[in-house]
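Under the heading domain 'Enolpyruvate transferase', TrEMBL lists 12-431. Residues annotated as phosphoenolpyruvate binding site in TrEMBL: LYS19, GLY92, ARG121, GLN166, ARG344, ARG398. Residues annotated as 3-phosphoshikimate binding site in TrEMBL: LYS19, SER20, ARG24, SER164, GLN166, ASP313, LYS340. Among the features that TrEMBL reports, active site, proton acceptor is placed at ASP313.
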Amino acid sequence: MIPRVLSSSGREISVPGDKSLSHRSVLFSVLSKGTSRVSGFLEAEDPLNTMKAFSHLGLKIEKLSPGSYLFTSPGKSSLHSPKEELDFGNAGTGIRLSAGLLAGLSGINARLTGDHSLQKRPMSRIIKPLSAMGASIHGKEDKAPLEIQGKKLSPFVYKSPIASAQVKSCLMLAAMASETSLEYEEEILSRDHTENMFRFLGNKLQYSSPTHFKMEPPYIFEAGDFKVPGDISSAAFFLVLGVLLKEGSVLVKNVGLNPSRVGILKALEAMGAKILIHNERVECGEPVGDLEAVSSNLYFSDIPEEWIPSLIDEIPILTIAGLFAKGGFAIRHAEELRAKESDRITAMVENLRNLGILVHEYKDGYEIPEQNSSANSSELQAWLSGKGAKISTKMDHRIAMSFLVLRAVSGLDLTPDETSWIETSFPGFESLLKGFLS
Ligand code: S3P
């Protein structure tokens, strides 16, 4: 087994604001005439890029204190076309959700782009349904940069072939911007923050099942007061660290606990982890609480397909936990991982193999036999301490952070090739982690 070298007696931390909710707080503020107030906003590259993009259309931004902003919109019909290209950096959520909103705004012309990683990611998943609504949206080989001419869109019924909150939210925002109706169905529920924020502003969704709803105008867009809790996707790194401590626990305060996001808790618990929830409450239509992860012994557990959308972003760090599980670790039905900031199946498989760990790769996941049988721990340790190992992070924040957690809990000599990507979602991650090592 890879050794666990780190202990901590009851350390308490908080993590930055939820990335999904931060993007959405900008987009709902853009749609609502007047001044919306946001607190807990994630001041990381991804949501800051979304904020900046809409400032080019007329959104006024006033920063009150760290994470607290006033967003003043002239109302959706008084926005103007941006003079410059809108750059969403590394953010799939930023570009896909904004594309929906802009495609539904009559008279707005915009060009949306992003970094090298974003320009490789599939956009046909939004281009196809938006075009079917009558939108004008084009990208070479269906990739960014995307050219959009906003239009009044038609009522639309869509059964999504993938459980993607980005696709769902893109179409919902297009319907809202265009004041048209949308009936949307997905096979497995993807994160439902857009639905929650929509209802928080006083709108209604008519559900025929938990994964099938209809929305119909007129919509209410009143400037809101949005409170963003800590991001469970960021908390996940410290929850796994807490579970993998030799002894002790970690308390992560003020974390969003939306049921469509808590797959990481379910999976860790199924693997034998002790995670306690304290101080549960509801803020802005979203459940929130404090999470305490206690040093635990882990074992293999099947991760069911229906949990995948609710832990899709946490699979790299869950895999690090899985390296310490008796009986090994497997993730399947997760082909969507190949369409993230990097191909996360390849990224995890390549890096783990490079450490001497046996991994079976599949189209939709991978399997890691128990470390006792796949790699001799003393050999692994000796090899790494002699040579060290480079981690290829592939422009992907979550790959970088996952291996930094592995390094912290195991003491293995791992060096990520680049860590600047962490700024897209979790500024301060490395110093928070260092706090555990001192
Ligand atoms: C997100 C949805 C998910 C997730 C991403 C954030 C969102 O993507 O991976 O990090 O905020 O809607 P998909 O919708 O592509 O699964």
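Heads up, the Cβ atoms here are built off N, Cα and C, so glycines get one too.
Curation does not apply to TrEMBL; its annotations are automatic.
The average pLDDT for the domain 'Enolpyruvate transferase' (12-431) in the predicted structure is 96. With a cut-off of 6 Å between Cβ and the nearest atom of ligand 1, the binding-site residues SER20, ARG24, SER164, GLN166, ASP313, ARG398 reduce to SER20, SER164, GLN166, ASP313. Among the binding-site residues LYS19, ARG24, LYS340, ARG344, the residue whose Cβ has the fewest other Cβ atoms within 10 Å is LYS340. Nearest Cα neighbour of ARG24 (3-phosphoshikimate binding site) among the listed binding-site residues (ARG121, GLN166, ARG344, ARG398): GLN166.
Of all residue pairs in LYS19, SER20, ARG24, SER164, GLN166, ASP313, LYS340, the annotated binders of 3-phosphoshikimate, the farthest apart have Cα atoms separated by 19 Å. Note: the CA-CA distance between LYS19 (phosphoenolpyruvate binding site) and ASP313 (3-phosphoshikimate binding site) rounds to 12 Å. Of all the binding-site residues given, namely GLY92, ARG121, GLN166, ARG398, those whose Cα is no farther than the 10 Å limit from the Cα of ASP313 (3-phosphoshikimate binding site) are ARG398. When the Cα of ARG121 (phosphoenolpyruvate binding site) is compared against those of the binding-site residues SER20, SER164, LYS340, the shortest separation belongs to LYS340. When the binding-site residues ARG121, ARG398 are scored by other C-beta atoms within 10 Å, ARG398 scores highest.
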